[in-house]
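Colleague: So Swiss-Prot lists these for the protein:
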- C162, H164, C181, H184: [2Fe-2S] cluster binding site (BINDING)
- H287, H292: Fe cation binding site (BINDING)
- 24-41: compositional bias 'Low complexity' (COMPBIAS)
- 42-54: compositional bias 'Polar residues' (COMPBIAS)
- 120-227: domain 'Rieske' (DOMAIN)
- 24-54: region 'Disordered' (REGION)
- 1-60: transit peptide (TRANSIT)
Amino acid sequence: MMAASASATTMLLKYPTTVCGIPNPSSNNNNDPSNNIVSIPQNTTNPTLKSRTPNKITTNAVAAPSFPSLTTTTPSSIQSLVHEFDPQIPPEDAHTPPSSWYTEPAFYSHELERIFYKGWQVAGISDQIKEPNQYFTGSLGNVEYLVSRDGEGKVHAFHNVCTHRASILACGSGKKSCFVCPYHGWVYGMDGSLAKASKAKPEQNLDPKELGLVPLKVAVWGPFVLISLDRSLEEGGDVGTEWLGTSAEDVKAHAFDPSLQFIHRSEFPMESNWKIFSDNYLDSSYHVPYAHKYYATELNFDTYDTQMIENVTIQRVEGSSNKPDGFDRVGIQAFYAFAYPNFAVERYGPWMTTMHIHPLGPRKCKLVVDYYIENSMLDDKDYIEKGIAINDNVQREDVVLCESVQRGLETPAYRSGRYVMPIEKGIHHFHCWLQQTLK
């Protein structure tokens, strides 16, 4: 449990600049602003999480149902499918949602509109834009976004699309004084304003106010940068509460830790619907003794506790006192908070990990895992590498499970399943939230 040496840190942080369109916090381009704005950054730095102030910055037993087909993708057919799951049925008697929730392209599109384009979604971490003129890019569904901090320190978010001919404006992350479109050379300030329309004549009267980048709502909450397409969100609201409800303080107590330092990112593409991973995460470790043999030795399952609070499920479990190899990764207790629909914050031992599942299609997603560790452990290269290796292996095992479930859902043999209570109460709660959000 120590801080990694410079060489160890460099070795740990050699990862791609983007992860499924989401920026890698370990990459940073500090080239001169006069360089090509859209060159993919190559330099890497080790971001920290020193700024933890919750700063708010906002811009502008029933019979198995029969399931309808979405061959004709009308709003009524989608809603019919949404209502095939009834949240009023007690979980002991209920069937799980129909397999079509996990396979139909039209249902996936409906999820993007009703879930991912509403409320707050994690876009990146605050250290990516801790300095003026830093920026990063990413994607959410078919939305390409750009987050920047201008020269005066204000944070902005925009659709990453040039207002001239719809070219993607920037890529990767880094530090620049302006954004230059790679197509026709239009120039935008770090605040999204149009600074120059190349070769445009003054008599055309192109209005810079009308041709600036299209803004998104943005907020910084502790280590997380969040964005929103939701126009119903009020300016200046309590971002933590809007995102996490009454669980915000509990999550804040674990995640807003100034001793934590970002050290590594892992990514796991998988051929499965994003909800399969969410379901897997929320089963109160029901699958762990069968699928994760080493991980099972780290936990005392008799102490497992699951609480569902609004749009968050929190799981707590004590670490096992009998560790076969003597390696203590989990510590006294593990805390797992899963914020619906797709983001988890975990604290255990000296670690914090975040798990972000990115929907990429009805049958495809990517898991991005960010690792943080307490400063006192940064020099312990062996501990860090072993801890990351153990957790990465757990995720690879879960990828196999999720892809297997997706294949099973695609077969004509399966329409829906049943819940095993109370261990799967977290999954049932998530499904109820989905139905209420989608209807």
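Glycine too: its Cβ is placed from the backbone N, Cα and C atoms.
Keep in mind the model is a prediction, meaning the values are calculated, not measured.
Can you tell me where each of these features sits in the structure?
Modeller: Within 10 Å of the Cβ of C181 ([2Fe-2S] cluster binding site) there are 22 other Cβ atoms, across all protein chains.
Taking all protein chains in view, 14 other C-beta atoms sit within 10 angstroms of the C-beta of H287 (Fe cation binding site). In three-state terms derived from DSSP, H287 (Fe cation binding site) belongs to neither a helical nor a strand segment and is classed as coil.
In the predicted model, the domain 'Rieske' (120-227) has a mean pLDDT of 95.
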Colleague: Rounded to the nearest Å, what's the C-alpha distance separating H164 ([2Fe-2S] cluster binding site) and H287 (Fe cation binding site)? Just drop the number here, would you?
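Modeller: Counting only the Cα atoms, the answer is 51 Å.
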Colleague: Which residues, in sequence order, are found in the same chain with Cβ within 8 Å of the centroid defined by the Cβ atoms of C162, H164, C181, H184 at the [2Fe-2S] cluster site, excluding those residues themselves?
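Modeller: So the additional residues around the site are T163, R165, S167, L169, Y183, G185, W186.
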Colleague: Give me the Cα-Cα distance between C181 ([2Fe-2S] cluster binding site) and H292 (Fe cation binding site), rounded to a whole Å.
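Modeller: Rounded to a whole number, the Cα-Cα distance is 48 Å.
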Colleague: Taking the binding-site residues one at a time (H164, H184), which has its Cβ surrounded by the most other Cβ atoms within 10 Å?
Modeller: H164
Colleague: Looking only at Cβ atoms, how many others are within 10 Å of the one on C162 ([2Fe-2S] cluster binding site)?
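Modeller: Looking across every protein chain shown, the total is 23.
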